[in-house]
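For reference, the structure discussed in these notes is given below.
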């Protein structure tokens, strides 16, 4: 069983540093082991200005086992799968230590965005482009940031409001919008019962 | 009446229980070779309230022997000493009951002791006062109230008040016993230091569970796990949990699990401790006493020579045979590739690298000379 009191302590500590970091971390109301986080794209990178959403699941062995993290916002990055959002980062795998925590892991992810490791890729296509045609890589990454990371942050609440007015519950709307990377039409498609 | 000098010395019962406050000034023997006196004094006087449940022997001995080795004797001797100068009368019984009354006037004993016939009581007291007249200032007994912190009789107290101990702020230093003073000062300072360290330790948090180690719910958890190579604080359960967790794929046991979660420095063992240290010396002291403690416990792998301990000569536990003989330290020789002999200095390192079964598979043990 995961150490719930440690998770609560981490959340409390995080809320103190939240404003400095510009990140957010929220636990599910019914299960503290399932969290959502947002990290801002680092400045002077193609991800600048974007807000990236993450889905975090804490395994039973936490903090002795690393947290499972996945980007829900689509990202064009050699170490992040462009399809699933899976992350390749050593501290989330075999270099995890129980002295690390969610805050340090999120900071590491932000650092990963600013310094990709194309030689140890998660997404081979992106890595190949990064090494072969850097200009195109930057352009693609910036466009993906514009399309998926910014749109959702700019009028996210507007979209939520619109969908809620259509008669969907707010929590479900937010979750669905996050899952599809802020695309209003895709969210609507998912929300509508088949 | 026999004098203390030519009487056969009887083992001090306080010493036998592990705590005689009089130390070397005790009237009774502190030598285990001397016989213990197990005769019930109350039974001698005709009535022991414990009856068959009494822990002392219910046998009849002659009156004199009984009085010389009375169980109440050490107390009465202790207080009578200071009173005999002013009032050596046999009626002023400065017994234990008198000691407890806080009034400054002399205590008059009840006509009859509550516990028995009391026929031998006056003789006994005369004996005591008679033989204890002494001029040696080191034999003066101090006021126990003052030594415990506060004497209600203050300046009117008939007993000698000790000098103030600078550390514990109690009047417990005997003015004429230099050895005892020094001993008290040392133990008092040590105790004080321990308390300070304990106070400091209260604040220390475990870096894994983020809780104060000494505020954890169960007593077993309120312990630090010291790493031999670095100074990062963890609670014993967290660090043991981490070190024993099963490595996930690609995880190297030595670089991940055996290393400090914070600085990743490799430590081979964890030392449990109830206090957190402030200096290197204090840490060394904790480590040394831990190792000394383990060395007194028989190794269950070695099993008195019947088994084999994978840690060999670097095992912390005792490797002794049933007859008490210790295992001889034999250097382990391994053959290397060139057929040369190398001495396996650190057998544990080798085991850590390939595992004991790996060593067996690779034939390490069969190559031994």
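Residue numbering: from 1, along the chain as shown.
Positions of Cβ are set from backbone N, Cα and C atoms, glycine also.
What TrEMBL says about this one:
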type	residues	note
ZN_FING	B:6-33	zinc finger
DOMAIN	B:6-33	domain 'C3H1-type'
ZN_FING	B:34-61	zinc finger
DOMAIN	B:34-61	domain 'C3H1-type'
ZN_FING	B:137-164	zinc finger
DOMAIN	B:137-164	domain 'C3H1-type'
DOMAIN	B:206-264	domain 'RING-type'
ZN_FING	B:293-322	zinc finger
DOMAIN	B:293-322	domain 'C3H1-type'
Local confidence of the zinc finger (B:293-322) - pLDDT mean:
88
Using DSSP, what's the helix, strand and coil tally for the domain 'C3H1-type' (B:6-33)?
7 helix, 2 strand, 19 coil
For the zinc finger (B:293-322), how many residues does DSSP put in helix, in strand and in coil?
9 helix, 3 strand, 18 coil
For the zinc finger (B:34-61), what does DSSP give as the number of helix, strand and coil residues?
7 helix, 3 strand, 18 coil
